[in-house]
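Structure, as structure tokens:
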Amino acid sequence: MTQGRGWVGRRAVVPAGVGWIVGTALQLTQPALWTLAGYAALGLAAAAVALSWARRCRQAPDGARCAWGWLPVAAALAFALTGVRALALAAQALPAHADGARVQAVWRVTALPQRGEGGTRFDAELLQATRADGTPLTVAGTVRVSWRVPGTMRDAAAPQVLPGQTWRGVLRLRAPRGLANPYGFDAETWWWREGVVATASVLSGVRDAPPVLVTDEPWRVPVERARTRVRDAIVERLAAQHPPAAVGLVAALVTGDQAAIPGADWAAIRATGVAHLVAISGLHVTLFAWLAIAVVQGLWRAVGRRWPGLLLHCPAPVAAGVGGVALAWAYALFAGWGVPAQRTVVMLAAVVALQLSGRRWPWPVIWLGAMAVALLIDPWAWWQPGFWLSFVAVAVLFGLGPAPSAPRAGVGAWLVQAARELLRVQAVVTLALAPLTLWWFGHVSLVGLVANLIAIPWVTWVMTPVALAGLLAPPLWGLAGWMAQGLLELVHALAAWPGAVWSRPAPPWPLALAACAGALLCVWRVPWRWRWGGALLVWPVLAYQPAAPAPGTFEVLLPDVGQGSAAIVRTARHTLLFDAGPPLGHSDAAERVLLPWLQALGERPSAIVVSHDDSDHAAGLRTLARAYPGAQWWTSFDPGARHGGAFSLCTAGVAWEWDGVRFEFLHPPAPDWVPPARGGDNARSCVLRIGQGARAALLTGDIREAEELALLRADPTLRTGLLVAAHHGSRTSTAGPWLDGLRPQAVVIQAGWRNRYGHPHPQVVQRLQARRIPWVNTATCGAVTWRSTAPERLACERERRRRYWMGAPAGAVGAAEEAPADTADAASP
């Protein structure tokens, strides 16, 4: 390639790849989408510049300098293309008027169903939908359907839902809406990336006839149907002899379906750092491609001996390369087409294409081009941890290079050398990925090196080939099941080691990015002065500690936990948890929201208060007791076996001071206090005041108007800066006299999005509006941060990190429209 034609080829790949990555990243940070005209204008302008630049670069004497002009062009094209795709996906969103609608529908199953104890979940295409009044409803895009089996029927056979089937029944549609917290699983981003425009539940009861199978057309989704059949065959063969985790592990290695692995086993897998082996990783796809290339090359040469002309038209290396990549792509597609598989297929295709064309490109060019192509295929993979861990791991391996060693004779010597190389590579990869692992997950596995030294060769060279061979000889799945069971026993044993996981606060992304670059410098073959510089870049992440409130001040963090309550109170050197949140699916808010948040802050609570024994406040009690056995516990009830340790009753008058901040219980009045007949556990709720006067915070549990007025009578001077509204904004609480007496500067209501109780009640909203008290609802605001230094300000998570695919952070006043006035609180306990 001449200098005058330097605008093509590998010289342009690096700047164009960097530009594409930057443009995609910029578009993904948009808080709101542009119009189609805006993206189209940017794309057309970039295309015009690209044509002009191409003509100029053909005649440029310095091709290298000219090539970097493609960076802004590629960035603009990526920004525009990603924006247009986002507009197309946003146009498929469920209309606001259809959120919560009950429809008579016909749907086609499009993906592998996930079966659990309570029913089946699957993706579907909505072919027809009609509302109760006969109005047709059009929903384009993927609908995530949940078909729950009633408790009285769980012993009976669950419906056999298969991809390609068309069903008719009654659905309740919902817009995808997740919890908005700074840490933990981001459901809305995940739904958007999966293309899910609505969720739905199958209605089957007294009012609604059970769904009816209309047609079964496997040919419409042949890959998903085949995956389902294989997964079901594995489960049927192994379920009787092996635990669910072993069955799920074999199914995951063959089909990419990880849903059958129980949560407790997933925790052990993550704690030992072997999660990358459970997914269909690049290692699995590379191994499969290597075997496929060898098989295709052998078969092609065998056929060529019979028809020599075939080898003249298509030599064996060409057939092997093309065939191997095609089979690797088919395997990756069958296994779910995850990000590591995408990356591997793209890089394999690039390497084979370069080899067949006789070109040699440096590995950074191939690596960068593969990242750009992966983002072209799926721009929103940018927000997936697997995307970054996968590409950084490959960069480490490329930069590390082969270990220098003298040739040795004998199988034993070869095994020793292979073990040393595996130890070297695994140690380097673990070190290099540590900053990213800390950023995404808040911890690093200290037993991961030992676990991976055993698990990588075992899973890659033994388990996976045996499990895949089961496609041809199903009895081999039984052998793979025993292998998986042994691996899981090792994983659980290592995860139980003291100090198996090292946790650190989650660093800001600039520190994590710098530390990642520093870790790469530490492990690559570069001069030692560069390695010392890399170590200096890593150190800030290891030493990072989030800022705590100053002595004498405090902050209250109110997570978005759905229809329930929980609060984190931080002083200079102490943390208190108030309530443990509601159940969330098969888990609870403590595990899914509170623990990740506390871990990201680097905090362990000194005290935990559970206001009363309702599930929306106490569901996470057992989780917290297991995670923080040394904490001081305060409750208004006897937690019994769920806690198993010492606890104290939150009696009025009990007070203490942390870091210049006073904590005091105001209710219930005495340990033997008996609430009114209609009060129940709600009336006995712990009420905690933090601080004094207008800069105080008042956490009220589920007390009612009677308890509110009693507190005012006991202390007419009671004031507060922050009031967490009792009972999620129920009409039986947050009374007018209570608000008049407290004179709060801000009110937070913790309630679930479109909850069935109608919280907050319109009457409560009217009371707040009439008094011009600023207020927010976590259902629309997301997690809320309040600080005693600015008692009138409430910071909402949905506004802080607004993205165009997130549910709108509707103004708090609009939250009252979640339920009609005549039904609000109708079902409230």
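From the backbone N, Cα and C atoms, a Cβ is placed for every residue, glycine too.
Curation does not apply to TrEMBL; its annotations are automatic.
A quick note: this is a predicted structure, and the numbers were derived from the prediction, not measured.
The transmembrane segment annotation in TrEMBL covers 12-30, 36-54, 66-88, 277-300, 312-334, 365-382, 388-410, 422-441, 447-469. The annotation domain 'Metallo-beta-lactamase' is assigned in TrEMBL to 563-753.
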Contact set, same chain, for the transmembrane segment (365-382): CB under 8 Å, 6 or more residues outside the stretch: 10, 13-14, 16-18, 20-21, 24-25, 27-28, 74, 78, 81-82, 85, 189, 192-193, 339, 342-343, 346-347, 350-351, 354, 391, 394-395, 398
Candidate ranges 12-30, 36-54, 312-334, 422-441, 447-469 - greatest C-beta contact count to the transmembrane segment (277-300) (under 8 angstroms): 312-334
Contacting positions for the transmembrane segment (36-54) when only residues 6+ beyond its ends and CB under 8 Å are counted: 7, 66, 69-70, 73, 76-77, 79-81, 83-84, 87
Candidate ranges 12-30, 66-88, 312-334, 422-441 - greatest C-beta contact count to the transmembrane segment (447-469) (under 8 angstroms): 422-441
For the domain 'Metallo-beta-lactamase' (563-753), mean pLDDT (0 to 100): 92
